[in-house]
Every structure is written in C-alpha cells, then in structure tokens.
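Input: a single structure, listed below in structure tokens.
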Amino acid sequence: MQHITILGSTGSIGVSTLDVVARHPDRYRVHALTAQNKVEELAAQCAQFHPDVAVVGSAEAAQKLQVLLNGMGLQTQVEYGAAALCTVASAPECDCVMAAIVGGAGLAPTLAAARAGKKILLANKEALVMSGPLLMEAVAASGAILMPIDSEHNAIFQCMPATYHQQQLTPAQHGIEKILLTASGGPFLNRALDTLDQVTCAEAIAHPKWVMGRKISVDSATMMNKGLEVIEAHWLFGVPADRIEVVIHPQSVVHSMVSYIDGSVLAQLGNPDMRTPIAHAMAYPERIDSGVAPIDLIKIAQLTFEHPDLLRFPCLKLAYDALQAGGSAPAIMNAANEIAVQAFLDGRIGFRAIDQLIARVMAALPSSPVTDIDTVFEQDRRARDTAASFI
C-alpha cells in the first residue's frame, strides 16, 4: 500500500491522479490533498478519499474548508500556507508525492519531497526549469525517485534503456543520438500569422487535443510549454540542448521518441489522456489499469510530423536561449512568462505581446549563477517585478 500526497489535487492532473487512485484502492491510500482556493472541490475529494490532511492557501479558505468537513463528519486535519505544503510533501506517513501545483509555487514543496527521499511524480515542470541543478542534486543526495508525468517526458522515460538511471553513463554511452520531443502545435498551428495579435483568451485555451488548465493551455498555444519541456528534458535525462529536437505532431498520438546511434527510433504511442503517464509513474516498474482505452491505429490512419516555425512560436526559441545561457536565465524566463500569461488571461495584453514581454525581461535581467533556493526565489521575484513594470 502506497500513501500518496497530491499537491494540487483540484487541478486537471490532480483529478486524473485521483481517478487512478480510485481504480486501485488496494494499492493506494491518500495521505494529503492540497488546493489553493477551490474549497468546495477539495471538500468533495476529502469526502471520497478521506485524507489525513488537507491544505489550502489561506486562513480564510481553511476556515471555510473546516466548516464543510465538520458538516460531513470528517476527521481530516486542515492546514494552510506554503509551509504546510512542504510539511505534507515530506511527511514520514507519505511514500509518494504527486507534484502538480502549477508554476513557481510548486518549487518549494517539490524540493522538500526530494530532500525527504520521496518518490516524486513530477508534473510541475517549473521546478526543474527554475532550479534544475538544485532539484537533481537533492534527488541524488537523498535517494529520492523522480518519475516524469508530462506525457512527453514519461514517453522518453519509457523509450530509454532500462538501465539509464541506474548507471553513471552519458547519453552517448547509452547509444542515444537525440531526443525527439513531440508537440501538437496547439490551436494556432495553421492560423494566419498576421491574425495572431487578434487571438482571444477563449481561443487560446481551447486546445485541440488535451484537456488542461488555463495557464498551460496558453503556454501550449505559444509553445512556451514545449520550451519548458526542453529544459525539463535536459535536466531529467542529461541530454544537451542541441540533442533535443522539437517536432510538431498534430495528432498527439506519438508522445515522444528516442533516436539511437544504430538508426533505431523508439516511440511511445497512446491516446492523449494524462491518466496513462500517471498510472505508469505510480506503478513503475509494474503496469496497472489507467482507465484509458488503447489507440486504434486503423482509425487514426495517418501520423504527420513537421518542424516548428519559430516565427510563429518565438517562445520556443526563448526557452532554448535560456537553457543555453544557464544559471538564473530559465527562472527569469519562467517568471516573466507567468506574469505575461496572466496579463493575457486578464485582458491586459494581447497574445503576441506575451513573447515580446518575456524577451524584454530576459534582456533586462542577465543570467547569474544559481547556488541555492533563495537565489532562485530572488531571481524569480525580480523577474516578476520587472515584467509587471513593463505592462
């Protein structure tokens, strides 16, 4: 029996994780659930899964949740705040942590889980983008297990040699030529370039293949999401930027590929449903039912691939630039993107202003060495303040 903490349980990844948990009550028990402010949804989850602890973002939200839980006769302990997130992520009663809090807010509890030696199901890509070396050092020092949840990185993990994370060898020594990171292209893959400045919020969050939250849906539309995944792949698999190739694949059936020096290319295919990588990571090295139907290749009939157009998707180039610059550059880029995307969702800037704002912030704040978590948070704060001042 694994005891699991789900950071961000009311988001799309959290809901999918609980769906898998519900299918296997003999394998998994929920230790803690967390949400920022979706109190009613969290209370309903507590009623179904009976966690030991529930964490929300504020004292006000905690009071509301406590009233709801008392009305249901539940004994779940209610906590709030950032420190409580780190506590439930590192608690001795917890074996496994689903890190699914969106954005920089997920960094501290993910690091806490790593330092406590937990099995981490990493859906929060910003943790690696902001502090890749720090997180990987914490994992190595504690013996934590890091399992990627992003469909692309989970696919790469499945296509890697079984001994890849057990042997201290370079990708080349494992015979790996490069990683092929697939991308759907989002809702604007074929839209006229001169109309992108007219994109509405509703259009940007309407992803053609995946059901996701608003922020990540916009990131997919700009392909910043894929840029973040390039940086994540670099840290997860130790592959340099020039060996990570992004390929547009509109059908979203091939989730990523690994190319080997003997000419072989291994790919992982499946329906676009996050329960597949979640179930894989939760049960690894076993396999369990995820509730996802297998793909029907005859029905799909055709799989297509193309190179990304960097004029259409300048955020992808910004991410490669940040990875090459190293240091605090990825954290600066990530923070600027979060501010820009929220400004777009709030109707304060246009769609094409997102990449322009990020580029301005990156130019204004040159990269500096990242030595500890406080440095990361300071660079994150500076980038957010700078981005806000440019709006």
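Placement of Cβ uses the backbone N, Cα and C atoms for every residue, glycine included.
Features reported for this protein in Swiss-Prot:
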- Thr10, Gly11, Ser12, Ile13, Asn124, Glu126, Gly213: NADPH binding site (BINDING)
- Lys125, Ser151, Glu152, Ser184, His207, Ser220, Asn225, Lys226, Glu229: 1-deoxy-D-xylulose 5-phosphate binding site (BINDING)
- Asp150, Glu152, Glu229: Mn(2+) binding site (BINDING)
| query | Ser12, Asn225: which of these binding-site residues has the highest Cβ count within 10 Å of its own Cβ? | reply | Asn225
| task | By Cβ count within 10 Å, point out the most packed of the binding-site residues listed: Gly11, Gly213. | result | Gly11
| message | Quick check: in three-state DSSP terms, what is Glu152 (1-deoxy-D-xylulose 5-phosphate binding site)? | response | helix
| query | Residues near the Mn(2+) site, Asp150, Glu152, Glu229 excluded, by Cβ within 8 Å of the Cβ center? | reply | Lys125, Pro148, Ser151, His153, Asn154, Ile156, Leu181, Asn225, Lys226, Glu232, Ala233, Ser256
| message | For the C-alpha pair, I'd like the distance in angstrom between Glu126 (NADPH binding site) and Glu229 (1-deoxy-D-xylulose 5-phosphate binding site), rounded off. | response | 9
| query | If you measure every Cα to Cα pair among Thr10, Gly11, Ser12, Ile13, Asn124, Glu126, Gly213, the residues listed for NADPH, what is the largest value in Å? | reply | 18
